[in-house]
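**Q** Taken from Swiss-Prot, the feature transmembrane segment covers 14-34, 97-117, 141-161, 176-196, 212-232, 235-255, 371-391, 401-421, 427-447, 479-499, 513-533, 546-566 (among others), and the record attributes it to sequence analysis.
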Amino acid sequence: MASLFSSRLGSQSLSLLINIFFIFLIFLHFASQTPPPSGSIQTLNSFAGGDSDSCSGGLASLDDHRSKCSYIRSQSKCGPQGYIDYLKIFFCIFGQSPVLGHLVLSAWLFVLFYLLGDTAASYFCPSLDSLSKVLKLSPTMAGVTLLSLGNGAPDLFSSVVSFTRSNNGDFGLNSILGGAFFVSSFVVGTICVLIGSRDVAIDRNSFIRDVVFLLVALCCLGLIIFIGKVTIWVALCYLSIYLLYVGFLSVSHFFDRKKRMSDQILRSREDLAEMGVSLLGYIAEEKLALPEKTTQEFKIVFEDSPKRHRSCFSVLVSIIGLPLYLPRRLTIPVVCEEKWSKPCAVVSTAIAPVLLTELYCSHYSGSQRNLILYIISGSIGLIVGILAYLTTEKSHPPKKFSLVWLLGGFTMSVTWTYMIAQELVSLLISLGNIFGISPSVLGLTVLAWGNSLGDLIANVTVAFHGGNDGAQIALSGCYAGPLFNTVIGLGVPLVISSLAEYPGVYIIPSDNSLLETLGFLMVGLLWALVIMPKKKMRLDKLVGGGLLAIYLCFLSLRLARVFGVLDTDR
């Protein structure tokens, strides 16, 4: 109990630091909104090359922070892609202390990654889990649809934002491919090296199925990138690859289940890996079968802890934590038993329409039109809030219209995930302008690593401690997850972007390094696909060492180009 309490204090300390920093950054945001010095705009435009295509090009030609501050205030191309103007904060507030500015923006990057993961874990995934139960989806179908959507939400929305909001499609392409490469090569390689001496084998059919589907998706994507343009029909065809995967998986699961019933043998959970059952379906079944004892024990530990533990420090943490917790809690309807609160539910239903309107108006300007939308959304929110107050109880979540409540929670959790992803992409683009690094490189590395860190920790832990079943779950996740992100995470933005250009075509951003990334990624997949069967599907150190070498070789090549060590014509 002491360790649990100390870990709780540790998490409270982390929450305290994050929220203090959040408040501090809001102050910096408003402090940076002062007008530029008069009489300097025309001179700076002439000196910095006001007609240059990129903001970083103009900034690179300026020396002192004051001229850079005035320049970014005068150039629309240096405007923020999100809600906070990071370039103004860096050059206008921390211009004389760039090291401090770097630390502040790096810390905020960590906060955004935390918020993105916490929103998905605390609001998005519970909504999906409840929806799967209400819709009575089979474990396999829930696994490859809702569970995959929950796990891939950060990548999906970051990609959508980069294509639609920031007009940096190459950023989204690099982040998705970078994440897929990291998981399928670095994470798989790490797993193989760590458990290579344990003689652990995985199911051949499941492995080949997932890798082949991922290779097919990458080949189609490579063809699209090579052509350089995509129509709405091509984008829909690319998106349908995942539908084929789901259909193939469902048919396979149906015949496996029929075979088990005909044999009339009760299979133990240890035999599931040998039957080729999908990882995602297996995870879903595991979740459904978990005993409630563990959850109850944790509840007992925390609920029965003496109130003397509730010190002034914990109260202070709760108060300062409101800037991060309260906005989401008061706009996302939560209908699970553990977190049910009628006041919060009523307020969230009333405010949610206004937040959706704000998100829409932030994309489309027009004061008169926006005012009308705010009035309409406020009226709708008032009516829905009154209905929620009259039809809910304090003691338990609503039993009637549960699907409506769940859809509302799902919609608002999607909204928050999108908003945070938008801010994350905006910050990375600003960091690219500050350091003079292409945003696509940051998407390939920083964003891909940040979104895939959870996969690294979870899959390595499951494989290391779970024996054969754990290795099967981890390896399948390392291929099924990237397949979802590659097809859905890129297919959805391509459909949205090509639909906006219809009946024309959407032009894929020109970036030759994308084909290079695809090539290395496919080499890693082919290495595993060839070597694993030769090793009788055992997770051998040779497999892991080869995958790690491929990834590190690729990463070294890209970083050498970024820092000017290797200069090649591309």
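Each position is counted from 1, following the chain as shown.
Glycine residues also receive a Cβ, built from the backbone N, Cα and C atoms like all the rest.
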**Q** With Cβ distances under 8 Å as the criterion, find the stretch in 176-196, 235-255, 401-421, 479-499, 513-533 that has the most pairs with the transmembrane segment (546-566).
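**A** The stretch with the most close Cβ contacts to the transmembrane segment (546-566) is 176-196.
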**Q** Counting Cβ pairs under 8 Å to the transmembrane segment (176-196), which of 97-117, 212-232, 235-255, 479-499 comes out on top?
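**A** Most contacts with the transmembrane segment (176-196): 479-499.
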**Q** Counting Cβ pairs closer than 8 Å, which of 97-117, 212-232, 401-421, 427-447, 513-533 has the most of them with the transmembrane segment (479-499)?
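**A** The stretch with the most contacts is 212-232.
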**Q** With pairs 6 or more apart in sequence, are the transmembrane segment (401-421) and the transmembrane segment (97-117) linked by at least 3 Cβ pairs under 8 Å?
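**A** Checked: the transmembrane segment (401-421) vs the transmembrane segment (97-117), in contact.
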**Q** Does the transmembrane segment (97-117) reach the transmembrane segment (427-447), going by 3 or more CB pairs under 8 Å (6 or more apart in sequence)?
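**A** The answer is yes, given that the two segments have at least 3 Cβ pairs within the 8 Å cut-off.
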**Q** Most CB pairs under 8 Å with the transmembrane segment (212-232): which of 371-391, 427-447, 513-533?
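**A** Most contacts with the transmembrane segment (212-232): 513-533.
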